[in-house]
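Undergrad: So Swiss-Prot lists these for the protein:
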{"type": "TRANSMEM", "residues": "17-37", "note": "transmembrane segment"}
{"type": "TRANSMEM", "residues": "38-58", "note": "transmembrane segment"}
{"type": "TRANSMEM", "residues": "71-91", "note": "transmembrane segment"}
{"type": "TRANSMEM", "residues": "97-117", "note": "transmembrane segment"}
{"type": "TRANSMEM", "residues": "142-162", "note": "transmembrane segment"}
{"type": "TRANSMEM", "residues": "241-261", "note": "transmembrane segment"}
{"type": "TRANSMEM", "residues": "268-288", "note": "transmembrane segment"}
{"type": "TRANSMEM", "residues": "302-322", "note": "transmembrane segment"}
Amino acid sequence: MDLVLLQNKLDNLSFAVLFVTMLVYWGGLAFPNIPFFPTLGTAGMAIANLCMACLLGARWMEGGYFPISNLYESLFFLAWGVTTIHLLAEWLSRSRLVGAATAPVAMGIAAFAALSLPDEMQSSAPLVPALKSNWLMMHVSVMMLSYSALIVGSLLAIAFLIVTFGQPVELKGSSIGTGSFRKREPQAPAASTASNLDEGLSMGSAQATAVLTPVSTPQAPSFSLNRMSLAESLDNLSYRMIGLGFPLLTVGIIAGAVWANEAWGAPWSWDPKETWALITWLVFAAYLHARITRGWQGRRPAYLATGGFFVVWVCYLGVNLLGKGLHSYGWFF
């Protein structure tokens, strides 16, 4: 069996399937009454996941080592991780919006790996002595899975902001809510609130931070119950995916420190990759701290997770391509 030819076919097939799957998910949002779109999208993600798993398996058989030693391999491992976390998130939520957010990212990763990287970066090569260690699988695979979970969680936070138009909302279970959906309204003039509220309560309601019965205004459109239910689902699912990715990131950083100490005699050298991994850890630690101890929900943690989305990409790809250090792939410099 020609493993190189098989890999070439599988990486192009993965890209093609993900591209079609992205269109299917977007079509499902545009035409929600067509019943087979969600099932077709899930099937497409599962097929792409299987194709990339076979690609990585063939790569492993060809090179004789776990295939996460260069940019091409790590990109497909990341895309495989994103599709795996997607399938978990979609199973938990049953929402077609999950695929509409994650499929374009998975497709973009596969396209970059299959169509943009030079041929010499796509070919398998013997490992350098420093990488011939069991820590390669332990450290890098866990880091890549953490990136996958954090990326999916951040994408769901971005989807939450889109669904709510970036408006402040109080969700079920909020530390400041009462167990029902409420939208925070700007302070309305007394003339407009008098027609909706009892005269004896109008002065108190003018200073309240939330109105139990929202008043539609040009600045603050009211939301339907379905939209608010979707927003709550996205907020909760984003929290759970980031809650999955953060421990993996922690374990991956610790494993990397142990490996570095074994290979170079120092657990931490402030390499650009190490520095940005620490920044990523701090961003998502702040996210979880705000949610767990401060009771944040909705817009504020979603903005923090959105920032974390870009930090993850700088940590993974930006530093590797542009930075100087032990983790640089040296494509641009």
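Every residue gets a Cβ built from N, Cα and C, even glycine.
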Undergrad: Who are the long-range neighbours of the transmembrane segment (142-162) in its own chain, taking Cβ under 8 Å and residues 6 or more past its ends?
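TA: Cβ under 8 Å, 6 or more out: 68, 74, 77-78, 81-82, 84-86, 89, 97-98, 100-102, 105, 231, 234-235, 237-246, 248-249, 251-253, 255-256, 277, 280, 284, 298-299, 301-303, 305-306, 308-309, 312, 315-316.
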Undergrad: Who are the long-range neighbours of the transmembrane segment (38-58) in its own chain, taking Cβ under 8 Å and residues 6 or more past its ends?
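TA: Same-chain contacts beyond the flanks: 3, 6-7, 10-11, 13-14, 17-18, 20-21, 24-25, 28, 67, 73, 76-77, 79-80, 83-84, 86-87, 90, 96, 99, 103, 106, 110.
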Undergrad: Would you confirm whether the transmembrane segment (97-117) and the transmembrane segment (241-261) meet the contact rule of 3 or more C-beta pairs below 8 angstroms, pairs 6 or more apart in sequence?
TA: no
Undergrad: Near the transmembrane segment (17-37), which residues from the same chain, at least 6 beyond its ends, have a CB less than 8 A from one of its CBs?
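TA: Same-chain residues near the transmembrane segment (17-37) but 6 or more away: 44-45, 47-48, 51, 79, 83, 96-97, 99-100, 103-104, 106-107, 110-111.
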